[in-house]
């Protein structure tokens, strides 16, 4: 009885475990899954003609729902087309349980060994049936397989949890990297904005400077044009004055011009002599100044001093040579500048002198005009006499030419007669 009761209790426990393992809730199954299960019963069955369009519409709706569902998923929950195809193939082979159902099954599956009081309370009032040893062994085998599968599933779940935690850590790290990149990008954008603002300000400043320079250039060019116009006006007036000067110089007597040239030469020579005297005085003062080195030297003979002095004087004279030449050039330039700066002396000091000269010239012109008129009259008379004489000569020459022609014709006739007589005489 004890063996049979032990067998009965073990059989009931095995049945309880099997029932706990097999008992799976199927209440929360979607309508779509039921339809797919119905379709998977006999996939080779031909649908009706009226159901073809319905199936097409259902397929379109299902694809639209899948697209919407995939659009709303997170990055780590999305899959590729290949994984979705493989998932469909595996689902055709064996329907997949949802995660909620798996968790519920795991919660419902409780090993008998872990809670013996519960098993005793459940199996206390049950009817114990006789069972064979083979049945007992098979049930034990099934219990072992179920417990083994539970252990494997728990290990797999733990591994998946570890993988999920690692992926979550990676995602958090990636999000941190993304945040850092976003902060760096924001800093880059801010720096770029500041640089662009600075560049715009610099460009505006440069354009302002450019406009100022252009306005200044325009102003300077306008000033240059006005100065050029004034220079051209002054050149015209200068040409006019030079023309007047030449005219006045042409009217001045040459004796006065010669005296003026002599006076100018005398002034230039006097100025040159004064400049030469000034240069000599400067050279003498420069050579007479004792040098600092000669004053410091207290040791040595007189000859060395003399030689030193002679050498120094010669060196000072050499140094003073280009200075003297430059001073000569300066004096020549100053003389020419003074000559050019002097006001020109004119022979004419009163406008009445020019009027008198003009009156004399006018009288001379009148006399010359009268003489020219008289000469023209005499020339006309001579031309008329010449024309008359030419006509007379032409008439006389014509008469003489006629006489010559007549005589030549008479001579020819006489020659003919002479020839005839000669012929008759023979």
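These residue numbers are counts, starting from 1, taken along the chain as shown.
Including glycine, each Cβ sits where the backbone N, Cα and C put it.
Caution: TrEMBL annotation is automatic and unverified by curators.
It should be emphasised that the depicted structure is a prediction, and the values quoted were computed from it without experimental measurement.
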Of the ranges 1-34, 35-68, the one TrEMBL annotates as region 'Disordered' is 1-34
In the compositional bias 'Basic and acidic residues' (271-281), how many residues does DSSP put in helix, strand and coil? 11 helix, 0 strand, 0 coil
Per-state residue totals over the domain 'DUF4200' (136-253) - DSSP helix, strand, coil: 116 helix, 0 strand, 2 coil
